[in-house]
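S.K.: Okay, handing you the structure first.
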Amino acid sequence: MTEQKHEEYGADSIQVLEGLEAVRKRPGMYIGDTQDGSGLHHMVFEVLDNAIDEALAGHCDKITVTIHADHSVSVADNGRGMPTGIHPKEGRSAAEVIMTVLHAGGKFDNNSYKISGGLHGVGVSVVNALSDWVTLTIYRDGKEHFVRFVRGETEEPLKIVGDSDKKGTTVRFLAGTETFGNIEYSFDILAKRIRELSFLNNGVDIELTDERDGKHESFALSGGVAGFVQYMNRKKTPLHEKIFYAFGEKDGMSVECAMQWNDSYQESVQCFTNNIPQRDGGTHLTALRQVMTRTINSYIEANEVAKKAKVETAGDDMREGLTCVLSVKLPDPKFSSQTKDKLVSGEIGPVVNEVINQALTDFLEENPNEAKIITGKIVDAARAREAARKAREITRRKGVMDGLGLPGKLADCQEKDPALSELYLVEGDSAGGSAMQGRDRKFQAILPLKGKILNVEKARFEKMLASQEVATLITALGAGIGKEEFNPEKLRYHRIIIMTDADVDGAHIRTLLLTFFYRQMPELVERGYIYIAQPPLYKAKYGKQERYLKDELEKDQWLLGLALEKAKIVSDGRTIEGAELADTAKQFLLAKTVIEQESRFVDELVLRAMLHASPIDLTSSENADKAVAELSGLLDEKEAALERIEGHEGHRFIKITRKLHGNVMVSYIEPKFLNSKAYQTLTQTAAALKGLVGEGAKLYKGENEYDADSFETALDILMSVAQKGMSIQRYKGLGEMNPEQLWETTMDPAVRRLLKVRIEDAIAADEVFVTLMGDEVEPRRAFIENNALIAQNIDA
């Protein structure tokens, strides 16, 4: 597939089709949604895809992606380097043409790229058009070339800035704030895509670095699509150890596929064309399903497996518990839309059919133990499908499936247009009663749910239908259930709002409902129909004022606002008040939160001392000793002992030993911690506090004067004064609110807060549901331990 990779890739290879004018007017057509973050991350993917195309052509094996502290992103590869010669038609460097002209690129010239991820000549010029600035550094022909663009226009022509024996291209860009509502990148979203690319392109080392918090991950993932399947199944229980793998080429097209069954009831298939994911599958997936059904059925019939089990197997049975990655590569792929979510190239079908048929037949014949396990799983699925069919008929007769008889517990709304209707799923009859009284019955329906609904992660379909609460929910929604029956067009409400108590039981019920929607009605999540209500956690009374506060953070911020009213600190003749006092107080409270979270890993006394110390440097023994001396000087010798430890390969640590209640507590300050966002917060706070408040300082709050020899003392006094005469009530349940309060805080569209449920990484989401709701205890315990620090509002 890369037989033409040695063809000349120069200025003559770049073809120009049209200009950039339309991009800035309608960026969504080219890059996706510019407000929800998807378009922003797609900017990185466009540049990254260019580097991957160099790897596909056999010219690149190292790619580095960096999120910089100024929110710019750079993508560097060690490929051939963009062409730097003068373009014959445009009269300027080919690199400038690629960056400034839409549809200019080597992807339209089959000599330069035989296979590429669609028409990516669009990509990098669109990134340039939608960025405040772009810098392009090219290492080619023993020289380093540089050019800078501002809002899509060349600042000055490409120039040689020095000699270099490197080769490759580095693109760095700052996304335009006029186009994008938010330019905050998610490390996890970028990591998900890079992980896919690493599995799909053996031999390419991709590194992702986040300079904002020092996070770094290297993706040199081996195993190809088989390794990808193993990764997807790592939190599940595979039924057979050996992974099915197939690879074949024909007529310039290639098919690569890996499959492994696990003990779950869900199918998990990832499809790719030229490294681009297809969320909606397409001709390659259709062909795979057909050939898989035909081949496995032939094996089952030949070995009389179904006959002995007295069941008839179908295609759906074969996909229950299947984890599969299918990757096809072909020239000029055709998709159903600009988003490339569905492949429509018909020519790939016969190739998939031929490759999989032979490989799967051989796999089943040569691995009888695996074949027995897989066919046994399929027979079990067929039996369950038959039981589910009978259960479905019973429930249909009861009116559950078709929604003819609405449940008596449902307080429906008057509105008949689903787009204008809301359904609140409320925990308990008490809160349900308050919600029914407080709602706007014109468009708000209420369905109280009694107790905890069935955990569908562990239950087969027929058991789920037998659950009264689940059956009631299915009936109320009106869209049916199951592959044959579910129809989202029949859904009676386009806003389904989960409203539970702010305690552990409420969180559990919310998780059970999310599991139900994710596993049984994922399209409702994809369409953005599922929401989580945000009832307030606190009600504060201060004099005649009454205020509802969403969570701990909002409570602290509100208290801080009251504390700082008419407050000032006078130290060494300098007055600290207004915005300066407020900013410093917020920074200090943030540091306190960090100390609380990080004290699990680093001694709390030492973390507090860091607020009064210089930044710690462990790059040399001398600097590490200085840090030990300074921190020790801020602590009582009886409290903690610090010492420098020399580790492997020049790594240094500071060991902290402290006695507490007769126990010896040991923790470490490591380089990883010093590169974290948490430590950045502590050093920023230390810088803000340095020399701010000294001995003899005075705090004034209104008419009152207090002694305050540190900022922490002053803030403690202010917060204590603010809470005098105030009562703060913590709501444990929705039933504690009367109907008017529930409407005012949680149901009134003018003031309420709703969280929309979205899935950004399907594989990660699948893992979370398997971990939290599955049968395995150890992964769940590990998950809870690892995430305990970031959990909020957990009952003591």
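Cβ atoms here come from the backbone N, Cα and C positions, even for glycine.
Below, the features straight out of Swiss-Prot:
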type	residues	note
BINDING	Glu427, Asp501	Mg(2+) 1 binding site
BINDING	Asp501, Asp503	Mg(2+) 2 binding site
DOMAIN	421-536	domain 'Toprim'
SITE	Lys452	site 'Interaction with DNA'
SITE	Asn455	site 'Interaction with DNA'
S.K.: Can you work out the mean pLDDT of the predicted model over the domain 'Toprim' (421-536)?
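M.R.: Mean model confidence (pLDDT) across the domain 'Toprim' (421-536) is 86.
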S.K.: Which has the fewest other Cβ atoms within 10 Å: Glu427, Asp503, the binding-site residues listed?
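M.R.: Taking Glu427, Asp503 as the binding-site residues, the minimal 10 Å Cβ count falls on Asp503.
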S.K.: Looking only at the domain 'Toprim' (421-536), how are its residues distributed among DSSP helix, strand and coil?
M.R.: 51 helix, 21 strand, 44 coil
S.K.: Do you see any of the binding-site residues Glu427, Asp501, Asp503 whose C-alpha is within 10 Å of Lys452 (site 'Interaction with DNA'), and which ones?
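M.R.: The binding-site residues close to Lys452 (site 'Interaction with DNA') (Cα within 10 Å), listed in sequence order, are Glu427.
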S.K.: To the nearest Å, how far is the Cα of Glu427 (Mg(2+) 1 binding site) from the Cα of Asp503 (Mg(2+) 2 binding site)?
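M.R.: For Glu427 (Mg(2+) 1 binding site) versus Asp503 (Mg(2+) 2 binding site), the Cα atoms are 11 Å apart.
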S.K.: How long is the line from the C-alpha of Asn455 (site 'Interaction with DNA') to the C-alpha of Asp503 (Mg(2+) 2 binding site), rounded to the nearest angstrom?
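M.R.: Cα to Cα, Asn455 (site 'Interaction with DNA') and Asp503 (Mg(2+) 2 binding site) are separated by 19 Å.
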S.K.: Are there any residues in the same chain, six or more apart in sequence, whose C-beta is under 8 angstroms from the C-beta of Asp501 (Mg(2+) 1 binding site), and if so which?
M.R.: Glu427, Gly428, Ala431, Lys732, Gly733, Leu734
